[in-house]
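K.L.:
Quick paste of what TrEMBL says about this protein:
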| type | residues | note |
| --- | --- | --- |
| DOMAIN | 81-205 | domain 'VOC' |
| BINDING | Glu135, His153, Glu201 | Zn(2+) binding site |
| ACT_SITE | Glu201 | active site, proton donor/acceptor |
| DOMAIN | 211-307 | domain 'VOC' |
Amino acid sequence: MAAGRSGTVACAAPAVPRRPLLLSTAAAALQPGPVRLSRSGSGTAAGKLRASPPDAAQAATAAAFAGEEEAFAWAKNDNRRLLHVVYRVGDLDRTIKFYTECLGMKLLRKRDIPEEKYTNAFLGYGSEDSHFVVELTYNYGVDKYDVGAGFGHFGVAVDDVAKIVELIRAKGGKVTREAGPVKGGKTVIAFVEDPDGYKFEIIERPGTPEPLCQVMLRVGDLDRAISFYEKACGMELLRKRDNPEYKYTVAMMGYGPEDKNAVLELTYNYGVTEYGKGNAYAQVKRHGWISFSVVLVYWSWSQHADT
Ligand SMILES: C[C@@H](O)C(=O)SC[C@H](NC(=O)CC[C@H](N)C(=O)O)C(=O)NCC(=O)O
Ligand SMILES: [Zn+2]
């Protein structure tokens, strides 16, 4: 059984105002006025996060933010980082084996939620308190997902790309692009695929403190995407580079220098304004877009709502 793939990128914002946070971001532009976040239903992520119009009490709380500018200012002034990226896999042990034996990640924790019929596993290059990690979701009985083109790749920084590529090949991993300088640049990269077909760009960047260094998403309008991640998520545009020879522009967004922090790599391919439903990308973009800000604000809120 296959299902559309979707994923979200979550952030932590350890220090946030102690008032209930209302989602008042570019995402709320889809609904009049600020909206409140809540968990409901029993989606794969232990209840889907929903944004819903506020009732009178919530509207009163919304006064806590004088307006959109203040809400955006909050996003900008917060001390935050990219926390984890969550996506679905068809066989948890198969993926854990590949990520630990071929990509050098550690299994950080695993939790089974039988009542919701899914199991999560967190893997990364260090503790979740200080590193960007992956959160894998296995839904009982779903062994295959439709991986399409809106999601581009994860980036893993290593000391020696060629060596990692040979290790992956020796272990039966799928190398889709041999080690060598990136087209139009100098950085040595390679591409491999994990057992579900998610692409990993192996990037030669010795000594980085954050080996899981990129999530690449293809976007249909780069300026719109940059504005969202700046305004709604408080990210900074770290670098923008046009590659006319290869007809794409890339923008790196994040909360700190690219060589020390995980970043969102937004790729605009000339003339491609959306990544079709057929490959389940629209909801990944929309889902990632909404749940990105929802998870971002929810995470902050949930950390303080009960204190
Ligand atoms: C900055 C670094 O992390 C990159 O990922 S650049 C790699 C480069 N990207 C693209 O070409 C993006 C456009 C492409 N049409 C797409 O949608 O993925 C890349 O993949 N280069 C290929 C190579 O062989 O160098
Ligand atoms: Zn990349």
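Note that the numbers count up from 1, one per residue, in the order the chain is shown.
Any Cβ shown, glycine's included, is placed from N, Cα and C.
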K.L.:
What three-state secondary structure does DSSP assign to Glu135 (Zn(2+) binding site)?
P.N.:
strand
K.L.:
Going by DSSP, how much of the domain 'VOC' (81-205) is helix, how much is strand and how much is coil, in residues?
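P.N.:
Helix/strand/coil tally for the domain 'VOC' (81-205): 23 helix, 61 strand, 41 coil.
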K.L.:
Cβ-Cβ under 8 Å from Glu135 (Zn(2+) binding site), same chain, 6 or more residues apart: which ones?
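P.N.:
The list for Glu135 (Zn(2+) binding site) reads His84, Val85, Val86, Tyr87, Asn120, Ala121, Phe122, given in order along the sequence.
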K.L.:
Can you tell me how many other Cβ atoms are located within 10 Å of the Cβ belonging to Glu201 (Zn(2+) binding site)?
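P.N.:
Within a 10 Å radius of the Cβ of Glu201 (Zn(2+) binding site) lie 22 other Cβ atoms.
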K.L.:
Mind giving me a neighbour count for His153 (Zn(2+) binding site)? Other Cβ atoms within 10 Å of its Cβ, every protein chain shown.
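P.N.:
Result for His153 (Zn(2+) binding site): 20 other Cβ atoms within 10 Å.
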